[in-house]
Amino acid sequence: MGVNLSSLTEPKTVELSELEGKTVAIDAYNTIYQFLSIIRQPDGQPLCDRTGRVTSHLSGLLYRTANLITSGIEPCFVFDGKPHPLKMAILAERKERREKAADEWEEAIEEGDIKKAFSKAQQTSKMTPEIRESSRELISYLGLPMVDAPSDGEGQAAYMCSKGDVWAAASQDFDSLLFGAPTLVRNMTITGRRKVPGKDQYKDVRTEVIDSKEFLESLEITKEQLVDICILMGTDFNPGIPGIGPKKGLKLIKDHGDLEHVISSKSYDIPLYQDVRDIFLKSKYTDDYSTTSSEIQRDKIIGMLEGYDFSKERIEGTLDRIDVARKNNRSKKSQRSLDAWF
DNA sequence: CTTTTTTA
DNA sequence: TAAAAAAGG
């Protein structure tokens, strides 16, 4: 599920309101997957309509997006395109993991172990074509821009950020940094508390901003070296060396300079490492996109979500909040451009 | 996850 | 009034 570099970062935490007026490229797959994983009943059952269609992602998208708009943030959803051939191995691995977890979920229910059931159920989360299409339908009715990446969505988001078309790439993964995004936002949520997996503990979850330049300077490495560290750790495109995480990877690359020297010094076998480097450093992207939002289609949203058994009262309340926020945002935006003019 | 309801 | 618990679909 992407590289995890959290142990190497000292993230700057911000309030959502501090991101007012900023356009953010959201990793759609990452966000939807998170909703599918977390929005569940205590026994692990996802939210569903009366016909059994999963609705967890629609609930998450509606309420989270409403909050982002309320904070004056302009979301732009970036969807993954065709996966790189080197990603097939991890996709197959994930499929196997999902199938195993489905069996273990059932077992846990039989044993009456609710905690275990929830955790196993989370691991069964799968992005189906129905979930992808219903997400796109809702996002389009919300009037929010969508971008179709030629390949990896994080690569596309990074490109858009480099160009300055968006202020940051938003994802829980750090991959957009490897793809060259100047700014990454994590935990772009309203909730301040999240359960620690497997434990009865909670920790504060704050929105984090990671500036790529500052991050690399603090570690005293280049972007190319960061990619090499992650190849040692393992990415979605290669398995990595067992036992090497961020700390050891950083030390090895700093001691030897680059992956070639680490490989020859330690006799590691990392086939196709140059291809993995190219995925991140020469990623595919498209210029065929827009980041501007259009009018919200209120009736379409109500019609759609009522069909998924959402309460009309709740939908309307949320849409009212969005309307108020959109009006405020527009007047503030025109005020900002007026100020800039004079 | 986010909202709503219940509890202290 | 705020924190905890439950519900949402």
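From the backbone N, Cα and C atoms, a Cβ is placed for every residue, glycine too.
TrEMBL does not curate its annotations; it predicts them automatically.
The region 'N-domain' annotation in TrEMBL covers A:1-98.
Residues or ranges marked as domain 'XPG N-terminal' in TrEMBL: A:1-101.
Annotation comment: TrEMBL describes A:21-325 as domain '5'-3' exonuclease'.
For A:ASP27 (Mg(2+) 1 binding site), the number of other Cβ atoms no farther than 10 Å from its own Cβ, over all displayed protein chains, is 27. Per TrEMBL, the feature Mg(2+) 1 binding site maps to A:ASP27, A:ASP80, A:GLU154.
As annotated by TrEMBL, domain 'XPG-I' applies to A:140-221.
When averaged over the region 'Interaction with PCNA' (A:334-342), pLDDT in the model lands at 65. The region 'Interaction with PCNA' feature in TrEMBL is assigned to A:334-342.
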Sparsest-packed of the listed binding-site residues (A:ASP80, A:GLU154) - C-beta count within 10 angstroms:
A:ASP80
